[in-house]
Structures are given as structure tokens and as C-alpha cells.
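Visitor: This structure is in C-alpha cells; I'll ask about it shortly.
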Amino acid sequence: MKAVVVKGHKQGYEVREVQDPKPASGEVIIKVRRAALCYRDLLQLQGFYPRMKYPVVLGHEVVGEILEVGEGVTGFSPGDRVISLLYAPDGTCHYCRQGEEAYCHSRLGYSEELDGFFSEMAKVKVTSLVKVPTRASDEGAVMVPCVTGMVYRGLRRANLREGETVLVTGASGGVGIHALQVAKAMGARVVGVTTSEEKASIVGKYADRVIVGSKFSEEAKKEDINVVIDTVGTPTFDESLKSLWMGGRIVQIGNVDPTQSYQLRLGYTILKDIAIIGHASATRRDAEGALKLTAEGKIRPVVAGTVHLEEIDKGYEMLKDKHKVGKVLLTT
């Protein structure tokens, strides 16, 4: 089968033939129906993920159909449509038993220690699998592992209450445009921030209010902002912090430039009673919650474009294109 393989540390990737996967005990083989490109891929290719073991198949977001199940697999059968979490938990530890699989000490990451999903077929551990409801499209389901499920968990950890106001930075990006929808589906009023007048009208389809510009805190403070979902990182963090009303929470998802740092003013966070929540992974519970909202039509996938596996270069060009809105998907 064909796959996108990262050859080594900072050595780029290539599309090449690899052996078809075979399931070991506790594993399944899926046919990849959709995968998704992510800014994290670019950071991995730049060498910012030290746990990567090479060569490795790239890609960590997938929806697929089970073709074959290995020994000991229960609850899943050939023909089931599934997504995978971003990682494989052991399923037995203290955290896994509490439903906090993201904290599992033994977790292994797809496209890091384990082969990812930019391939025609993929091997997935059963502890990672979540069934997709019939009414959820492939496009909506593939958004769950690294986008809608992740945002769902972030807002749950922020104890979002119905009627609160959520501000989303990078609101036209692949994460941001869906974060607006997740927050609204969870009962919030939503404010989207974008730096592009061109994209403001699109963001406005999903947000109650749109702010255009990199300096947005003063405009944001015209109402009480209770939660910020920061999908960008250091370039927007200061404005995000200043946007919050007392008792506010920042859910920090983005980190577009890992080489940059931010000097946090502790007194500011103390006096305003602000909580900063770092966040990167959904659990099974969160994935199921996001899938339910997707199946109900409360979250609609926004797709910037779709490319074939062998057009991966074109896909990354689209991902970097500042004029695109939404996620770039991959088919095989």
C-alpha cells in the first residue's frame, strides 16, 4: 500500500510503498476513509516532537472502516466506522479506569511512536477506537480527534457554563472555525477573532460577533469574556489574557511557534483570578460528546480542500495558505 513516510529527524517525507499492516492481539486494521492535515504535522517535520521514532507514517487524524480484527478484540467488528484518539492508552492504568486516557503514563502517539494514518490502510489499537454514529459524516468525524473533541474537552475542563461568552482566536483556521461551533453547541455566546477582513464574513456565519485585528482586547472588553480558546499561541496570548473578565479561563490549544516564549505577569492572573489551561488531547468521553453534536448537526465540518494521498505537497500548500478557511482533508 502507499503511505506518507517521514524518513528521519528533519529529513522530510515521501510517498512510497510499504507493507500492508497485519493486526496483532488487541489491534484492528482500518481502511482510511478520510485523514486530516494539521499544523502539528509541520512542527513534527521541523523536529519539534522528540518522541518520534523513524521511519514513521505521518498523520494523526482519521476516520476509517474496520477491515480486520486481531485476537482478543471485542466490541468492534469488520464494517464498523471508527475514529482513533490521537494516542493509544494502555486501557488498564489508574487514569484509563477513570476515563482520563489522555493522562495514561504508557500512552503511545500516532505519527510519533506508532505509525499514523496517511496511508491506504492503518493499524490501530482497540483502546484508541471510538465508533462513529450513522448520522455523522466522514468529514465531520475526522475533525473530532484533534479539533472538535479537543475543544470539547478544553471547554469541559474550563467548566463552561451555559450563557457564558467564549472568544476564539484564529477563528478562521481549521481549529478555530470549529471551536466557534463547539462552544455555541455547548450553550455559549461566541466571539471570533480574525486578522482578515476577507475572512470576517465567513467567521460571522458561526460567531455572534467578529473582531478583526491582532490587537483585539479593547474591543473584546465591550462585553464580559469568560473563556478564551487560543488556537494561535504566543502572538495572541497577551491579548487573550487582557480580554478576559475576572474569573476568566484561557484554554491554550495553539502554539504556532515553539521557539517563542511569553513572560507571564503573575500579579495580573492573581488579581483577575484567571486560570490558564494547557490542552492537547481528547479522551474517549470527549470524542463521543463531539461526535454526538456532529451527528445532531450542531457542528458542521468546514473543509478548505481535499487532496489525494499522492497530492500531499498540494495539501500542505493549502494548509499554509492564509486565504483558506477550515481544515484540509486527505483521501486515499
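Placed from the backbone N, Cα and C atoms, the Cβ positions cover glycine too.
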Visitor: Which of these, HIS9, HIS60, does Swiss-Prot say binds Zn(2+) 1 at the same site as CYS38, CYS146?
Guide: HIS60
Visitor: Hey, Swiss-Prot has NADP(+) bound by SER172, GLY173, GLY174, VAL175, THR194, THR195, SER196. Any idea which of TYR13, TYR39 it lists too?
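Guide: According to Swiss-Prot, the candidate sharing the NADP(+) site with SER172, GLY173, GLY174, VAL175, THR194, THR195, SER196 is TYR39.
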Visitor: In angstrom units, rounded to an integer, how far apart are the Cα atoms of SER196 (NADP(+) binding site) and CYS104 (Zn(2+) 2 binding site)?
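Guide: SER196 (NADP(+) binding site) and CYS104 (Zn(2+) 2 binding site) have their Cα atoms 40 Å apart.
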Visitor: Which of the binding-site residues CYS38, CYS93, CYS104 has its Cα nearest to the Cα of THR195 (NADP(+) binding site)?
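Guide: Given the candidates CYS38, CYS93, CYS104, the nearest one is CYS38.
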Visitor: Please find which two of TYR39, SER172, GLY173, GLY174, VAL175, THR194, THR195, SER196 have the most distant C-alpha atoms, given that the record lists them as binding NADP(+), and give only that distance in angstrom, rounded to a whole number.
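Guide: With TYR39, SER172, GLY173, GLY174, VAL175, THR194, THR195, SER196 as the binding residues for NADP(+), the largest Cα distance is 19 Å.
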Visitor: If you measure from the Cα of CYS93 (Zn(2+) 2 binding site), which of the binding-site residues CYS38, HIS60, SER172, GLY174, THR194 is the nearest?
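Guide: It is HIS60, whose Cα lies nearest.
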Visitor: Go through CYS96, CYS146, our binding-site residues, and report the one whose Cβ sees the most other Cβ atoms within 10 Å.
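Guide: Counting every other Cβ within 10 Å of each candidate, the maximum falls on CYS146.
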Visitor: With a radius of 8 angstroms around the mean position of the C-beta atoms of ASP90, CYS93, CYS96, CYS104, what other residues of the same chain does the Zn(2+) 2 site pick up?
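Guide: Same chain, not in ASP90, CYS93, CYS96, CYS104, Cβ within 8 Å: PRO89, GLY91, THR92, HIS94, TYR95, ARG97, GLU101, HIS105, SER106, ARG107, THR127.
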Visitor: For SER196 (NADP(+) binding site), what is the tally of other C-beta atoms lying within 10 angstroms of its C-beta?
Guide: 15
